[in-house]
Amino acid sequence: MLNIYLKSKIHMATITRKEVYYEGSIEIDEELMGKAGISEGELVLVVNVNNAERFVTYVIKGKRGSREINLYGAAARLGEEGDRVIIMAFTFSDKPVKAKTIVLNEKNEIVQEK
């Protein structure tokens, strides 16, 4: 039987920009995506720590090394610049999966990898 498991998490990312009238959803620095094991176009669950909003969207690959986490389109209405978010990706598996997690500081620099 297949279950859904957490496979990747970017913990405590800071929203750096938002733009409502834009095609897309969440843009993540390509370097951070790689470290967390998240791919462009992948479905993610985003939890806003500041306002408790939760939303599902897809990932846009951002500029490598920019440290940007940007909300676009309707998702931009669910967070503000400076809000801290948790970004999670999941997978189907018939056995438990060990999630890859990166923890960020307020400048979106990696402070811990698990």
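The backbone N, Cα and C atoms fix where each Cβ goes, glycine too.
In Swiss-Prot this protein carries:
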ACT_SITE  SER25  active site, schiff-base intermediate with substrate
ACT_SITE  TYR58  active site, proton donor
BINDING   THR57, GLY73, ALA74, ALA75  substrate binding site
MOD_RES   SER25  pyruvic acid (Ser)
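Sequence features, as recorded in Swiss-Prot, placed on the structure.
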residue	record	DSSP class
SER25	active site, schiff-base intermediate with substrate	coil
THR57	substrate binding site	strand
GLY73	substrate binding site	helix
Residues close to substrate site centre defined by THR57, GLY73, ALA74, ALA75, Cβ within 8 Å = GLY24, SER25, ILE26, PHE55, LEU71, TYR72, ALA76, ARG77, LEU78
Quick one: of TYR58, GLY73, ALA74, ALA75, which of the recorded positions has the smallest count of other CB atoms within 10 A?
-> ALA74
Cα distance, SER25 (active site, schiff-base intermediate with substrate) to ALA75 (substrate binding site), nearest Å?
-> 6
